[in-house]
Amino acid sequence: MRVAVIGAGVIGLSTALCIHEQYHSLVPSLEMEVYADRYTPHTTSDGAAGLWQPYLSDHGNLQETLWNKETFDYLLGHLGSPAAKEMGLFLISGYNLFTQPVPDPSWKNIVLGFRNLTPKELELFPGYSYGWFNTALMLECRSYLPWLTNRLMQRGVKFFHKKVESFQEVSDDGMDVVINCTGVRAGELQPDPELQPGRGQVIKVLAPWVKHFIITHDIKSGIYNSPYIIPGSEFTVLGGIYQHGNWNEENSAQDHKTIWENCCRLLPALQKAKIVQEWSGLRPARPWVRLERETVRHEHFQAEVIHNYGHGGFGITIHWGCAMAAARLFGSILQEKKLASPPQPRL
Amino acid sequence: MAAPKVAVVGAGVIGLSTALCIAETCPSCSVMVLSDQFSPNTTSDVAAGMLIPHTYPGTPIHVQKQWFKETFTYLFAISNSAEASEAGIHLVSGWQVFKNTPKEELPFWSDVVLGFRPMSEAELQKFPQHRFGQAFTTLKCDCPPYLLWLEKRLKATGVQMYTRKVADLWELHSEYNIVVNCAGIGAHQLVGDEKLFPVRGQVLKVHAPWVKNFIRDGDGLTYIYPGIHRVTLGGTREKGSWSLSPDPGATKGIFDRCCSLEPSLWGAQDIKVKVGLRPSRQCVRLQREVLSQGGVKLPVVHNYGHGAGGFSVHRGTAKEAARLVGECIAALQGSSSRAKL
């Protein structure tokens, strides 16, 4: 049983690990290979600050809310383990700020200690009249992706630096199942008009006195188009750009100015912070995550494909729930191929 | 009196903040700071500088609360300004956890810190040995940055600082009109205060930049306070011990206790051990005294004995000390005009 995982961002690597962990002992012939043209630290995941926080509204997508919760609980369970530091996993508290009252989010009972801000706390943020405080998790991909890679290599999973041009290509190589975790460029393997880039830009600075995340929201300008400040274990990430449909991965001077001015207005002490790096990336935006099976047929080849892409700006937040769901789909493929079904009682 | 000459003895957080308050409230004063130690070698430099008050048995609670509130308000404004990083002042959130529910569930300072509330069941699950907890956000004064920032502000207002070991306050009577005694634990010898005693504190300052929240055991013995560059792990409270030498047994004890509260600390790097002697007393000695010898008088304002709570109340006691200096000046001016009659 040969499995090809395409894509080595947080989705590809975690899905690979989840499937391998669950099925390797059930399917001794399982051989897994990862194909990607970009590996850490050059994936979209590497640019993210790594804060676990879903969008404000789940748009009735309860499935995704459940996957977010599964991810949070899974990570919380790893907090006390020796692996946490190597994974880049730690607790962090912080603020979500609004210019008007808003309903509580779907994730208020998933995070720890969720509450509204007091008037005195709001004094810290002139211009904002309402907000939340909670404790959540950070999962820094510049640590997490290498950690996942090490776990996979220990399990004998092979890695290839290669851009896959078509499903047929991997099927011709003898792959039985293809896990499609190609993120924003999934459209190159199979057209998907629902998938669009949500371009973001961030400035990484040295500001170790900042201990809280601060995320502002401007309901009119939309998600991530309002300044945010997220302190990591080494750098603090300043952001607040979301440009739907923009494929440009080059840093924009105008966006730099927007981010810098807005974040310094939010936290005046940032003016003294040293800028270390600037980065742009394309969030793989989709109305909902594409997580489903497909039998891809073309002339004389057929491949079982599990799609797992379109996680927008919440990939880290939702990754493990999606990996588990993809693993369940993998299990159903195995059952159909009668490779991992439990012994049937003889009637 | 044209320009009263005021000597402030001591350059820890109390000495420097008191000198600054005096310079602010009495612009005509000529203020000088005298100390045998300056940052980074003061007791204040060892402390984490967390704004979590210690309770003084001998001071009325409403006074302690006033001091804390003044200090918190003052630092809150700095933390919110462009100077925050230079001054070493930053907000930090976290938890105080108790193995047994404390007698006092609402400390007197609960409405001064931000967002104070009991911890939820889900939050307490992270601390399986503890049954009750409080979550809040407070301020931290990182040293040396805060002390260096105070020194910079002092120099900008014309206050000079001198390295000098003062053996006896009286030796200053010919050069200064008023002496302010902020000698901390040094007051034991300097003015022979038998009521002042050390409470030895050993801490570890470690590199663990992923620790963003503070954790404190309500018994006061174990705490984890993330600063700008280092996390302070504590601690010990050894009453009556004058030893400034690090104790390896205490180091292991502190590290083990902190790791049991926060397991990720096992990965902490570059552990530095520090020791400080908390200048402890039933109550802060914040009062005037007049020393006299052979008809010559020297007004003194004492401001020492802050024990474990120096940072939490420093601005409040500095302002009170500056007020007392004002009284001394008025008394001196009164007596000098009487002398003319």
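Even glycines carry a Cβ here, placed using N, Cα and C.
Marked as signal peptide by TrEMBL: B:1-19. Taken from TrEMBL, the feature domain 'FAD dependent oxidoreductase' applies to B:5-324. The annotation FAD binding site is assigned in TrEMBL to B:THR43, B:SER44, B:VAL166. Annotated D-dopa binding site per TrEMBL: B:TYR223, B:ARG278, in sequence order.
Structure coloured by features recorded in TrEMBL.
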{"residue": "B:THR43", "record": "FAD binding site", "Cβ contacts under 8 Å, 6 or more apart": "B:GLY12, B:GLY184, B:ILE185, B:GLY276, B:LEU277, B:ARG278, B:PRO279, B:GLY310"}
{"residue": "B:SER44", "record": "FAD binding site", "Cβ contacts under 8 Å, 6 or more apart": "B:GLY12, B:VAL13, B:ILE14, B:CYS143, B:LEU147, B:GLY310, B:PHE311"}
{"residue": "B:VAL166", "record": "FAD binding site", "Cβ contacts under 8 Å, 6 or more apart": "B:VAL9, B:LEU34, B:ASP36, B:LEU172, B:ALA183, B:LEU190"}
{"residue": "B:TYR223", "record": "D-dopa binding site", "Cβ contacts under 8 Å, 6 or more apart": "B:ALA48, B:MET50, B:PHE214, B:ILE215, B:ARG216, B:ASP217, B:THR232, B:LEU233, B:GLY234, B:GLY235, B:CYS258"}
> Who are the long-range neighbours of the signal peptide (B:1-19) in its own chain, taking Cβ under 8 Å and residues 6 or more past its ends?
Replying inline: 26, 28-35, 37-39, 42-44, 49, 141, 143, 146-147, 150-151, 154, 159, 161, 166, 169, 172, 175-184, 186, 190, 303-304, 306, 310-311, 314-315, 317-318, 321-322, 325, 329, 332-333, 336
> On the 0 to 100 scale, where does the mean pLDDT of the domain 'FAD dependent oxidoreductase' (B:5-324) fall?
Replying inline: 97
> Any idea of the Cα spread of the FAD site, B:THR43, B:SER44, B:VAL166, as a max distance in Å?
Replying inline: 19
> Can you count the other CB atoms that lie within 10 A of the CB of B:ARG278 (D-dopa binding site)?
Replying inline: 26
